[in-house]
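Below are the features listed in TrEMBL for this protein:
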| type | residues | note |
| --- | --- | --- |
| COMPBIAS | 37-50 | compositional bias 'Gly residues' |
| DOMAIN | 49-261 | domain 'Cytochrome b561' |
| REGION | 37-59 | region 'Disordered' |
| REGION | 271-301 | region 'Disordered' |
| SIGNAL | 1-21 | signal peptide |
| TRANSMEM | 81-104 | transmembrane segment |
| TRANSMEM | 116-137 | transmembrane segment |
| TRANSMEM | 157-176 | transmembrane segment |
| TRANSMEM | 197-219 | transmembrane segment |
| TRANSMEM | 239-260 | transmembrane segment |
Amino acid sequence: MARSTTLALVSTALLFATTNAQFGGFGGGFGGGNGNPFDGGNGNGNGGSSSGNSGSSSSDNSQYGANMFGSTAEFNRAKQILIAHAVLASLVWVIFIPSLAILLRLDIQNPVVLRIHAVGQVLSYIIFVVAAGMGIWLAQKSSAYGIWDNPHPRLGLAILTIAFFQPIFGFVHHRIYKKRALEKAAGKATKAPGRTAIGRIHLWVGRMLIFLAIINGGLGIRLASSSPFQTDSQTRKAGIAYGSVAAVMVVLYLFCVVAFEIRRARHLRQQQRNRQAMATKDTLPTYDESEESVGRSTRSS
């Protein structure tokens, strides 16, 4: 347990250290600290996100967006890309990856489950690469407004980079586990099949990535709220929808993780008791047991 906790803490520290070192930390906030990288777009102080009513707000947003991207057609294209970016990234980190992680924690003794988990996670990462590419394109188009100083794209790139290694960690863990299982079945002296060091890293980095990605989705909605892409009303609706689904998934994920760890701890304790019982049986018989084995009983004497 102590070693598992230590590895979990080390994995978490490495995750945040890598993020902070590679992308310069999360200081600076939105647009250099004024809460809005698009400030000054239409003179109302929020980049055209609202101007009194939904009709004029939408009109102001479109006009500001056309000026920002060079034409109305280009702005509309960017808006569609933003929607696709948000939908794909949300599906990956709020639905697909947590669900596939939960699948592996269910008490289903079938090798197909592991294959579904592995293939599904790789496909989910590929989808996220596409979503991240869209986000990078949008950030580059808006780079004059200090988008790269915002925590959302920085954290997104950190997640993209670290998640790349997750399939590798998982593959190496599975190979070690399978090798130990085969050696044990052959009667060779080996460590018992179970969690490996790299398996623990894979496990805890994956958990951290899920929570960081869900948080980053909220940061993305906040960033879009100050852009010409959506009005305050649209921001509220997006926030409520995203927050509701994410909250349900987080609760479900935490419940499954805790239940699995409790069940695993009980199983390990039972295994320990079984080993102790077998070790006791392998000791030399007592005097009474020896007498009974030859038909004598010390109780009658």
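Backbone N, Cα and C define each Cβ position, glycine as well.
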Before we move on, state whether the transmembrane segment (197-219) and the transmembrane segment (116-137) share at least 3 Cβ pairs under 8 Å, counting only pairs 6 or more apart in sequence.
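These two stretches do not touch.
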Who are the chain neighbours of the transmembrane segment (81-104) in space, where the CB to CB distance is under 8 Å and they lie at least 6 residues beyond its ends?
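Sequence-distant neighbours of the transmembrane segment (81-104): 113-114, 116-117, 120-121, 124-125, 127-128, 130-132, 134-135, 137-138, 156, 206-207, 209-210, 213-214, 216-217, 220-221, 224, 229, 238, 242, 245-246, 249, 252-253, 256.
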